[in-house]
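Participant: Below: one structure in structure tokens.
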């Protein structure tokens, strides 16, 4: 860290820095002795205060730096607290009952160690065909138990998904074991083991691996990929002041917390000198991954990766030239350790630009006069590892005012054992001999704290529909009439809406107080999202109760400072009775969300029916959506992006005099000698391959 | 052209070359005198012959080179013909009745010239407020008339969409005129003018333009975009022999015709030495752009850009460093001129590779051992200009066996005039004062001639659905059961199916004769398409009748050599009574498409409700879909792509000894001095922007 930073006051949106985390921990320890720190994170400024400061920093009080604390004390007692770091004092300290805080990496790591030594686990391994001297080859992925009605939520539990790895370098998921120990985090012991009625001994299949030694043995790496170099010799086009980024009229603050990972705040776009607010806060706020196998105990597999483990806590340290190419800026992340120290994740966030193809183009067919302008995008990315799976979260900014959250799924399928010739009953796929990959969904909840030209917004649902008038009627004689039907979502109840592919449904976040001068429609940002499966666990099911946010594609609530996480603040072991988080905030559905400070919650994702191509490691599967300005800008906001080439009709008539030719001169013909192909260059006549 | 090429026999899939086009024209002229050539194009080899030759070129007859000919002779008589170029003779010559062939660029160009001189058009311009001495500022976009029941299809007609351009360099679409002349292509005269009841005189709005002089006047170009260079110093990773391309296990032939533009043939993937056929032929076969304003004569605006004008004929000549960056290979296109000469479109197709982010990644949370492998994609692209609009068609090949057709829409909205304060009635949006951009759809028809491990395939519909068993029942106690429901589409009738977003519907092209060794499911390619609006013109409407292919998201037909274009061979001025093309081939719905040579027709696209951001030129709006291998490969087919970085647990334990580190060394930190930001480097403390 350079000295200049040290002397800077943190921006109120900045994550707690190392000194602040240490300071909070010291204060808590002084008051409450040795406790386990599950959370020491920025308690975000209250919006009223923060907006006042953003609007007038010179004359408004700077929002305090407050640490949000969750600890586990003796006998598993859980406390929620707040520490005011400016005043150096604890301002809230509250004992919780029947709530389990987020699981830390250290808690996860502990389970495997205990499992390997537990006699009952060893016994089950032996029954599966693993001799006790091979217990070091037994691994477990520790998940929170989700909710198990037999155990409730007073005891802090994890379930251990068991695997056998013949060699330490092997893919962990190819020899799943059929039993599931239950681990008490406080006692640090196995308290129960779920054993299926039908046993599935260790598979005898040959191993399949993707590490270099295995690939070399299987024939080696392909050697026909030539390098692509991406460079920015004049530097990048974005600027950063602390964690505030400016690029192509955009400006926003990049936060990061243990839970949501990247948080973008105060997103604005400068339209010809007018700074226009768009979103106050944007984040991935929760997710749930329900698995579709109804056999006990697989119903417990429905990970809330953000609320139960934390996209921040699980985030990868990214590497230059691996996770991204080109000219990259990184931001680190700092978190408490469970014992009260600080750990740093270097390069937790990467920021870079990419060429993005054609931005716009038009040719006049009369004379081939043409303009072609290339697009640039900015990517703010993190990658996190949730046990078997990886999620690369990209926040992509486009020059035209579009924001595109994109998630790339990769990593390894969660797997379960199956006997030879066992019927999967359709709940999964045998992706490798003895390996059953269960059907599952990845449902993400995007939290959009809207600020479209100001805080008072209204959400409309927009459906492309046919005119009611029949073919042959005077109003629709040729039958071609269609239009965008807009439905105002005036209350939290009306706003609980589902996706409809048959009307290309979108949702418009409008500022009803400001109409576009030409279209007469309210300025808006449109949510365009096409990967919107419904929650497949049924109404009334365990997942439906716990993941209330996933019941609808869109919910809208009135802004409230502490309503950040739609499955609740403390997610592990919630029963869903009653449902916490978003269903509470929606309430009886009568609250107005019309022309007020609103938050839109959007659940999207994929239903994944696995296939052998996904194993033993999954090629990236992307999911994407758009937040597009509609009736927001006066007109196309990117006309001033310099074109690569532009000739006007008068220039064409003047035989090209005066045309703009700024084409990228680094681009080359693939086959440099001008021949039509590599083969031609070698003089072959190549009628039938080589 | 290098000598080696000259001596090469054309591949049977190759487009006709210059010599072949000339030869065909000479033969026709000799027999039939001076005629206008609308089409001289490859008559593709019959599949039976072609497959025999592909399988055994040494011992099978090489398919003949045959030219498909369409001419317009005296008095507008239309002839379809075939010329066998090897034998040098006409093998078919047929007079057509009531059919109008594709409109050539020359026919389009003619309309404006005639309009400007026509007294009735001049009169209407004067009524609109344009003095007769300004007729050189009057432009028209000539469209085929679509179908107008008052005129039928015996007379060859175009409708002239009229605009006023105050300056030759201005955007053409900002001063639309309210009347619509009808042009007889044979007589070369205006035969009628459609004049609306409510007149809309020329708008008095200030001009808005995107050419350099206008941008400079409005404040100039932004100057904060730093260049991004993309280079391949060791060359590209693909090889070409003639028009056959090989890249990353893929091999296919790149054809091109006047109508569909790019045609990909004989697409195979080499899985560890086994060449596996996937698609025999892949192309965009038709499209329709219906406009939603029911007022006469706007119902005539529903362009079939491929069948009426030709994606090949309208294709752009691409420029290095403008339309694509990096190392590019181009292919030219050759077409007849109407008079019987040959025109060449240089660089009609561009082919290049792009880095494509992470291909797969997995980290073991225990020790941070990790593998990260980057992806590459190959793009085969054309861009065509359909009067106001541009379509960039990309065929993207991924290493993992996925093919991703992607279409980028840009160019300028089709516009119509409106009076100040006129109500658009919801059928359009005022995107600029006096400019009404009507609602419209872009519906594309992808033709998939399937060959998934052989010609005999069956299509299944796949829906992700909940178990029927209620929550609490023994079969679904926790309510989380869900599965992929597969419905066999056994007949052409059953196969006419619609999109269902609520089940994340996909379609699987299966080879039922070959089951995956692990999953037991048939090998397949899955069509994953999420931008699938229904045809909004109503059942029984003019568009519904003419664009039969767009009635359903998917149709499946039994392969037949001449069933290439789903709106029929000759599209202009079809009445839709009866519907030609796909509805004919679907027939009464009883034909079996089970385990036979099938073609899947997929209609997808967007419904576009315009917004001022789209004007005066539209930032690119992409539409994409995937063809994904599912149960096709034995397992993940990209494990042998060299990783950027890989450390195994044993290497981590050995403190990094032996790790694979092939990270791209050209990548750099954005702020080279190691500071956290550009601002830091300058020593500012930057609390509040700059």
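Heads up, the Cβ atoms here are built off N, Cα and C, so glycines get one too.
Remember, it's a predicted structure, so these values are computed and weren't measured experimentally.
As annotated by TrEMBL, active site, proton acceptor applies to B:305. Sequence annotations record features per position, and here TrEMBL assigns active site, schiff-base intermediate with substrate to B:389. Positions annotated as domain 'Copper amine oxidase N2-terminal' by TrEMBL: B:11-94. As annotated by TrEMBL, domain 'Copper amine oxidase N3-terminal' applies to B:101-202. What TrEMBL records for B:228-639 is domain 'Copper amine oxidase catalytic'. Annotated 2',4',5'-topaquinone per TrEMBL: B:389, in sequence order.
I'd like these features described in context: how deep, what's nearby, how far apart.
Facilitator: Packing around residue B:305 (active site, proton acceptor) is summarised by its Cβ count: 25 other Cβ atoms lie within 10 angstroms of its Cβ, all protein chains included. Reduced to three states, the DSSP call for residue B:305 (active site, proton acceptor) is helix.
Neighbour count (other Cβ atoms within 10 Å of the Cβ, all protein chains): 20 for residue B:389 (active site, schiff-base intermediate with substrate). The DSSP secondary structure for residue B:389 (active site, schiff-base intermediate with substrate) is strand.
The helix, strand and coil residue counts that DSSP assigns across the domain 'Copper amine oxidase N2-terminal' (B:11-94) are 27 helix, 27 strand, 30 coil.
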Participant: Roughly how many angstrom lie between the C-alpha atoms of residue B:305 (active site, proton acceptor) and residue B:389 (active site, schiff-base intermediate with substrate)?
Facilitator: 10
